[in-house]
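Asker: Here it is: the structure, laid out below.
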Amino acid sequence: MAVADNSFSMSTMFNALPYSKGISGFIPPPGFAPRASATPLHAALFNLMTDGEGVSYFKGMISKSDKTVLQRMASLLTSDSDYFMAIVTNKYGSRRVQKLLGKSADADALFCAAILRRFLHITTDKYASYVTIRAMVVFDKEMKKAMYEHILYHALDLACNQHGCIALNDIITDADDPYYRDQILDLIAKNARCLSNDASGNFVVQHVLTLYDLRITHDIAVNLFGHCVELSSKKYGSYIVEKLLEAEESMVVVVAELLECDGDRLMRLARNEFGNFVVVKALRFTKEMSRIDQFWGLVQKLMPFIHLLRRSHGSNIANILDSFRLRC
């Protein structure tokens with residue numbers, strides 16, 4: 001693509017790119033299966049974007065480029081979905097595409113379209129997911145709206161993915177649109193049970209609880225009611241229940257379930273390597289928040305098993321019970 005204006009054309013950029021001299025034909029970059037329309041410039045640009053030793057060259061080139069140049073570069077980078085994926089799934093390629101975002105509205109429009117075409121694949125990739133995260137910070141309102149629609153549609157798939165859950169958590173943290181933020185949080189709360197039992201999804205539930213949104217926290221607690229004891233006996237599930245105990249609105253829901261289970265089951269939870277932390281926290285927070293009825297309810301259920309608690313992970317619980325027995 002030649003341009004007649006002045007400072008830039010694709011051919012002059014090609015001549016300036018590293019590793020381009022001496023290339024007489026198209027040499028496909030690793031991980032990219034070129035279409036018939038691919039050119040030697042694609043290979044040179046791929047090298048520029050993904051070479052681990054080309055950091056300073058890339059920075060220098062971008063610092064001297066105007067918006068027209070950036071748009072042409074974005075046009076080439078996004079001209080083929082497979083080509084774009086091969087770049088953004090590369091460690092260095094992802095970082096350099098992130099550097100290009102937010103510098104030109106026209107270039108951003110091209111990047112936005114490219115991300116949306118492969119949204120789920122990009123946002124669940126170890127490196128490419130950071131392109132989505134960066135895009136949600138720097139894109140304009142209309143582009144973000146289109147991105148939010150895809151995030152909302154794929155939210156549960158992202159939450160249950162090793163890398164997608166990290167991206168979703170970052171997107172939730174930085175969400176600047178109240179409508180879409182609430183929609184995403186409501187979806188997480190509604191699906192709290194399945195997410196809490198998922199190896200990746202539980203991290204999203206934990207993250208949402210750290211936002212200390214009382215409405216969402218209460219909704220999560222209500223949707224987990226009847227499953228808190230089971231979750232408390234698991235490593236990551238216990239983290240979720242512990243966080244629910246930190247807010248009074250959700251604490252009363254969790255403790256109500258603990259009080260509903262029979263004494264033997266509560267005793268087994270108190271002796272569990274993870275559950276004992278939940279029971280300790282339930283005792284501590286019911287007392288600190290002056291929920292005396294719930295506090296004494298727990299004490300009375302646990303007291304008959306104090307001798308068993310002393311010889312297990314529940315020793316801290318036994319100490320708490322001892323302290324109150326002595327006072328009485």
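Note that the numbers count up from 1, one per residue, in the order the chain is shown.
Just so you know, glycine gets a Cβ as well, placed from its N, Cα and C.
So TrEMBL has the following annotated:
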| type | residues | note |
| --- | --- | --- |
| DOMAIN | 1-325 | domain 'PUM-HD' |
| REPEAT | 75-117 | repeat 'Pumilio' |
| REPEAT | 223-260 | repeat 'Pumilio' |
Asker: Which residue counts does DSSP yield for the repeat 'Pumilio' (75-117) in the helix, strand and coil classes, in that order?
Answerer: 34 helix, 0 strand, 9 coil
Asker: Count up the helix, strand and coil residues in the repeat 'Pumilio' (223-260) according to DSSP, in that order.
Answerer: 30 helix, 0 strand, 8 coil
Asker: Over the span of the repeat 'Pumilio' (75-117), how high is the average pLDDT in this prediction?
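Answerer: Taking every residue of the repeat 'Pumilio' (75-117) together, the mean pLDDT is 96.
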